[in-house]
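Reading through the structure tokens given below for one structure.
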Amino acid sequence: MEPYYAGWLSLVPPVLAIALALVSKEVVSSLLVGIMAGTFIYSMGMGLNPIAGTVGTAFDLMVGSADLYIILFVCMLGGLVFVISMAGGSKAYGKWAATKIKSKRLSLLATALLGIVIFIDDYFNCLTVGTVMKPLTDKYKVSRAKLAYIIDCTAAPVCIIAPISSWAAAVGSNLEATGYYQNGFEVFLSTIPLNLYALLSIAMIFIIILTGLDYGPMVDAEAMAARGYLGAVKSENEMLSESSDRGTVADMLLPIVLLIFFAIAAMLHTGGFFVPGGESYMNLGSAFGSCETSKSLVWGGFGALAAALVMFVPRGLMTFRQFMNGVTEGFKTMIPACCILFLAWTIGSVCRDILQTPEFVSDCLAKASFPIFLLPAIVFVIAAFLSFSTGTAWGTFSILIPIIAPVAYALAPQLLTVSLSATLAGSVFGDNCSPISDTTILSSAGTECNHIDHVTTQLPYAMTVAGCCFVGYITAGLSGSNVILTLSVSFACLIIAIKFLHSYYLRKTPGKAGKQG
């Protein structure tokens, strides 16, 4: 499909969709309006029939942008969670965990640490951690909004600074494609110390967990959770499902462990780790970098479901018919998340592929005039805006790295590395908190949290981190990329901001102080 350079009009679809979603609290129709607005702009620009062109282009993009492997994996995970619950595994795990983790704070710390451990892929992280931790955090009345926030902040922010991950390989390949570097992986490693958004996001979740200094809508979500309303979104079928009283902790944990094992094994296989003579033979970093993540996750889901079948049916926890019905009902619970994910991919394709939003933003950067020391901060803002508008980190840094590298090299070579760090940091911002980001959607799905609730409670925290990053990148520009000074200023700014915003919110809304037991 031939692209059309729409200029500032290319910003209309994402801005319209995000604004409608935040105002109406209804995501699907908002995304559809944004998609249709984008394809209408494209049809008018290309001289197509305003009706046939708009609808036809929308359908073409829907078909072309969908990752059916991810859709299938999400549904498989829904089926797995449902049959584990039917077998009594979730109930048994909740009782067992309550004897080991005896406070709300510890349950949140365990969630954060598990999220950091699963750093290989953000999709995998979002869906797996929520599945494992929900029974425990529910016991201690943690709102689903806070659970989704912690999981979201240990997904993309962790993956973007993990040397062995699908993200590391994607960034490395984009760096090598610029022609400025022979070893993109080494350059990627050099960007980690100043990837402020990733580092500050991870720091913030631990600060919030340890101090309980919540603010904004998260305070309301936690207050409601303390009264018993966790904000969970459950389907009628799931609420009516019955759990066996003979389930064990192993019925909960073993299928999840096997899911992780099979998925990682499939990633290594599709990445060429076991192929003698190949570029990735016995090379973990290269194998994870070149693997087919979506396909590997499906293999992991299939293996876990097969293992669950062998574990549950022969022991009489359920019949084969009940197992298959449970898988089907679990699939149904994931339909809303799949619809949102499908439409989010489509609107991202509208902006990226046919209206050329990234090219418009890049042109604005090229024409701008500003002091050199502001380069990292400006790059961060542009990457953050672009990723928030399109909902994709990979698409953002794939577009910006080839532009930022030569610009920074020509204007201020000493700021090249920090400018690349700012590009990656800004890219992760949108992926972390945009309503149309796939990982934001999957964090909502994995925790059964209302999607708009997750977005509105997380956004104030994400904006706080982004503001501190902006200050940090100004510091980096002024100091010539001094890592220690930049990190010191950034973390100090974060701590001060959290304390101030918590106090300010409590003054405005007395009686809503959050408690962390």
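Yeah, the Cβs are placed from backbone N, Cα and C, and that goes for glycine too.
No curator has checked TrEMBL annotations; they are predicted automatically.
What TrEMBL lists as transmembrane segment is 6-23 (among others). Sequence-distant contacts of the transmembrane segment (6-23) (same chain, at least 6 residues past either end, Cβ-Cβ under 8 Å): 29-31, 33-35, 37-38, 41-42, 45, 347, 350-351, 355-357, 360, 388-391, 434-436, 452, 455-456.
Within its own chain, the transmembrane segment (30-48) has Cβ neighbours under 8 Å at 2, 4, 6, 9-10, 12-14, 16-18, 20-21, 24, 54-55, 57-58, 61-62, 340, 343-344, 346-347, 350-351, 354-355, 436, counting only residues six or more beyond its boundaries. For 30-48 (among others), the entry in TrEMBL reads transmembrane segment.
The list of residues near the transmembrane segment (68-87) in space but at least 6 beyond its ends in sequence, with Cβ under 8 angstroms from a Cβ of it, reads 123, 127-128, 131, 238, 241-244, 247, 251-252, 255, 259, 294-295, 297-298, 300-302, 304-305, 308, 311-312, 317-318, 322-323, 326-334, 337-338, 341-342, 438, 442, 445-446. Among the features that TrEMBL reports, transmembrane segment is placed at 68-87 (among others).
Marked as transmembrane segment by TrEMBL: 108-132 (among others).
The transmembrane segment annotation in TrEMBL covers 147-175 (among others). Residues 108, 111-112, 114-116, 119-122, 125-126, 129-130, 133-134, 137, 181, 184-185, 187-189, 191-192, 195, 197-199, 201-202, 204-205, 209, 218, 284-286, 288-291, 293, 393-394, 397-398, 401-402, 405, 420, 424, 427-428, 431-433, 439-440, 443-444, 446-447, 449, 454, 457-458, 461 of the same chain, all 6+ positions outside the transmembrane segment (147-175), place their C-beta atoms under 8 angstroms from a C-beta of that stretch.
Positions annotated as domain 'Na+/H+ antiporter NhaC-like C-terminal' by TrEMBL: 163-477.
According to TrEMBL, the transmembrane segment annotation covers 187-210 (among others).
Sequence annotations record features per position, and here TrEMBL assigns transmembrane segment to 252-275 (among others). Outside the transmembrane segment (252-275) by six or more residues, the chain places 77, 80, 84, 89-90, 92-93, 118, 120-121, 124, 128, 131-132, 135, 281-284, 286-293, 295-297, 299-305, 307-308, 311 with a CB less than 8 A from a CB of the stretch.
With a threshold of 8 Å between CB atoms, the same-chain residues lying at least 6 positions outside the transmembrane segment (296-314) that come near it are 69-70, 72-73, 76-77, 79-80, 83-84, 86-87, 121, 123-124, 250-251, 254-256, 258-267, 269-270, 320, 323, 327. As annotated by TrEMBL, transmembrane segment applies to 296-314 (among others).
Tertiary neighbourhood of the transmembrane segment (334-352): same-chain residues 10, 13-14, 17, 27-28, 31-32, 34-35, 38-39, 42, 58, 61-62, 64-67, 70-71, 74-75, 77-78, 233, 358, 389-392, 395, 399, 436-438, 441-442, 444-445, 451, selected by CB-CB distance under 8 Å and a gap of 6+ residues from either end. The annotation transmembrane segment is assigned in TrEMBL to 334-352 (among others).
According to TrEMBL, the feature transmembrane segment maps to 364-386 (among others).
What TrEMBL lists as transmembrane segment is 459-478 (among others).
Cβ atoms under 8 Å from those of the transmembrane segment (484-506) belong to residues 193-194, 196, 199-200, 203-204, 207-208, 211, 213-216, 219, 418, 460, 464-465, 467-469, 471-473, 475-476, 512-513 of the same chain, restricted to positions at least 6 beyond its ends. Sequence annotations record features per position, and here TrEMBL assigns transmembrane segment to 484-506 (among others).
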Same-chain residues near the transmembrane segment (459-478), Cβ under 8 Å, at least 6 residues beyond its ends: 149, 194, 196-197, 200-201, 204, 208, 215-218, 372-377, 379-381, 384, 415, 418, 422, 425, 429, 432-433, 485-487, 489-490, 493-494, 497-498, 501
Tertiary contacts of the transmembrane segment (108-132), as residues 6+ beyond its ends and Cβ separation under 8 Å: 70, 73-74, 77, 80-81, 101, 142, 146-148, 150-156, 158-159, 162, 164-167, 202, 205-206, 209-210, 252-253, 256, 259-260, 263-264, 267, 288, 293-294, 297, 300, 431, 438-439, 442-443, 445-448, 516
